[in-house]
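The structure appears below as C-alpha cells.
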Amino acid sequence: MKFKIATLAALATLSVGAGAQNITGAGATFPNPIYSRWFSEYSGSHPGVKINYQSVGSGAGIRQVSQKIVDFGASDGPMTDQQLSESKVKLFHIPTVLGAVVPVYNLPGVNKELNFSPEVLAGIYLGQINHWNDPRIARDNPGVNLPDHQILPVYRSDGSGTTYIFTDYLSKVSPDFQSRIGRATSVKWPVGIGQKGNEGVAGMVRNSQFSFGYVELIYAEQNHMSFGQVKNSSGKWVKASTDGVTAAAAAAIKTIPADYRVSITNAPGPNSYPIASFTWLLIPQHFDDANKGKVMVDFLRWMLQHGESEAASMTYAPLPKPVADRVAQTINQIH
Amino acid sequence: MADNETPQNISVPLVTVARKQPEPPVTPVSAVSEDASGIRAFLRARGSANAADRGFAGLMLLGALSLFVIVVLIVWILIQKSQLSIHAFGFHFFRSSNWDPVNGDFGALPFIFGTLVSSLLALLIAVPLSLAVAIFVLEICPIPLRGPISFLTELLAAIPSVVYGLWGIFVLVPLIRDKVGPFLEKTLGWTGLFVEPNFGVGMFTAGVILAIMIFPVISSISRDVMRAVPNHQREAALALGATRWEMIRLGVLQNARIGIVGAVILGLGRALGETMAVTMVIGNHPDISKNLFNPAHTLSSVIANEFSEATGDLYLSALVEIGLALFIVTIVVNAVARLLVWAVTRGNTAKAV
C-alpha cells in the first residue's frame, strides 16, 4: 500500500514536471462551492493540472479577467457591452449552473407558507407596502391571520449577484421599481436595513420578528429556512426548487442569444420559477498559451459531461439539455 | 586539633577574605581596565566617532522621513484613483446625500455623518467607563483583584472585530431591541434621539459596540499614564487633608490629563476606522437622522461592502474617494483633538507625563 502511494506520488510529480498546468480564475462567490468541487475533482483525475479559483466577487472577477490578471473570470451577472469593449481579451460567456433567489420572512404565529405576488415584492422594497396586514398581501393569502405590524425589509448591503437577480426581476415586473431603483449588484434602497452576505440577511430575518428578506435558494435550503411562493408570469404560484429553475431556463431557451448574455427572470412557462439566473464563466476566446487553452476546453467538456450531473446534489440547478448542447458547440471555438 | 579545626575553618574564609581584600583593588582595576580597553579597542577600531554619529542620525532620519513618504503616497494614490469622481462631482460629493450606483450619482455625506456620530457616541460611553476602570484599578482596587481586571481589559483588546460583530448580532442586538431600547425610549424619548421603531440594529448599537472595542485601549493607556504620576503628588495631596477623591482629582488626574487625552485620541482613531463589527450591526442604510435607533452607514463599511462587486469606473472611483474622505475626516478629527489638548494645557507644562 505504502509502495503504491509512493509510486503514485512519484508519477504525479513526474507528470507535474512534464506537463504542469496552473490555471487561475477569479470571480463570483455564489457558484464558489460547486466550482471548488469541480476544479478539485478535475485536478484529481488529471494529474498535473491545477485550477485555482478565488471567489472575490463578480465585479472583481470581471475586472481581473479583462485586465488579464487571471486566466478566466466568473460572474453572476452578464458583462455589459461597455465592459466587453473595454476588456483586453475577447471573452465568451459560458453558462455553468443556475441560481435562484427566494423571499424569506419571520412572521410569528403564521405557520402557513405565504404567497407573494410580484407587485407585493416590489411594493415592500419600495416602501409602499409597509404593514403585514396590507390588503395586497392579504388578497394573495386568504385564511392567513396577518398581524397589524410594520414590515422590516432586509437587503444585501454588499454588492452581490443575488441583489442583481432580485432587482432585475423586480425591474421587469414593476415599472415603478425600474424607474426609481433599477437593477445592479447594489442599489439605492429607499427603505430597510442592509446586512452583509446571505448569512447576514438570513440571520437578521431569523432574529427579527416581522422582517422580510431575500436570499439564495441554496442558502435557504442548506439552512432549512422556509420561504414563500412567488407568482410566475403564467399566473401560477411556484415554490423555488432546482427543477423549477431549470424549467425556467428551458422555457427561455428561444430567447437565449448566441453569446448567452441573457436574463431569465420572469421566464414564461407554467413551471418556471421567476427569480432565477444563469451564472457564467468568462473564458477568453483565444489563449496565448495554447496548452492552457487545451486544458480549459477539456475542463469545460468534462464539466458538461460529469460536472453538471453533480449540480443538483449541491442544490444548484443544472443547465437544461438544449442549453448544454449549445454550450458544447461554443466550447469548440475556444483556441 | 579537631576541636580547633572547626572554628579555624570558619574563620579561615573570613581571614582569607580579609587577607585577600587588599588584593581585589588590584584585580578589579585590571578587570576594569581590561573592559575599558575592550570598549576602547572597539571604539578605536570603528574609526571616527563623528562618522558613526552622523551615520546613526542619518539612519534615524530616514526612518522618520519614510513616514512622510508613506502618507504622501497614500494621499497621492487616493487622489489619483478618485480623479473620475472628483471631476464628476467636485465638492458636491461631500455635501450630497445621494448614493445611487444604478444612476451613477454619488455623495458621501451620510457616510461621513455615520462615521462621526458613531465614533462620538462610542467616546461618550467609553471614556467615563474606561477612566473609572483605570482609576479603580490603580487607586482603589484591592490588590488581588488588580491582576484579573487588568488581564480582562487587555483580553478585550485582543478579540478580533469580526467576533465583536457576531457577538453584537447575537447578544447585543436582541438586548437593545427588547430591553435597553424600550427603556431609553421611555426615559429619553422626548429628546428625539430614541424614537421607535427600534430594530436593534442601528446607530446606537454601533456606538455601543465601538465603545466596547475602544474601552480597553483608552483604559489601559490612561492607567499607565496615571501610574507614572509620582507618588509624592498623592502623598502631598493627602497630607494637605484631601479626601481620596480630591487626591485622585488634584494629584493624579490633573497631572495625567495630557496622557489621558492622548489615550482618548488613540481610541477615537480605532473607532473612526473600524469596519467589520460596525457593518454587522449598523444597518447599512445611508441615512441622516437624529434618531439613534435608525440604521446608518459609515465610510469604512461602504468600502468594505461594495468594493468587490463594484462595476463601472465611476463607481470604483467614488469608492476610492470615500477612502479619501475617511482620510480627511481622520486628519481633521485628530487636528481638532490636538487643538483641544493645546487649549487645555496652555501655560501648564506637563508635570508627570
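Using the three backbone atoms N, Cα and C, a Cβ is placed for every residue, glycine included.
Please treat TrEMBL annotations as automatic predictions, because they have not gone through curation.
Lifted from TrEMBL, the feature list:
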DOMAIN    B:112-337  domain 'ABC transmembrane type-1'
TRANSMEM  B:56-79  transmembrane segment
TRANSMEM  B:111-138  transmembrane segment
TRANSMEM  B:150-176  transmembrane segment
TRANSMEM  B:199-218  transmembrane segment
TRANSMEM  B:258-282  transmembrane segment
TRANSMEM  B:314-341  transmembrane segment
- Query: Among the recorded stretches B:56-79, B:150-176, B:199-218, which has the greatest number of Cβ pairs closer than 8 Å to the transmembrane segment (B:258-282)?
  - Reply: B:199-218
- Task: State the non-local partners of the transmembrane segment (B:314-341) in its own chain: residues 6+ outside its ends, Cβ under 8 Å from one of its Cβ atoms.
- Result: 74-75, 78-79, 81-86, 88-89, 93-94, 101, 104, 106, 108, 111-112, 115-116, 119, 258, 261-262, 264-265, 268-269, 272-273, 299-300, 302-303, 306-307
- Against which stretches of its own chain does the transmembrane segment (B:150-176) lie, if we need a Cβ under 8 Å and a gap of at least six residues from its ends? 133, 137, 198, 200-201, 204-205, 208-209, 212-213, 215-217, 219-220, 223, 274-281
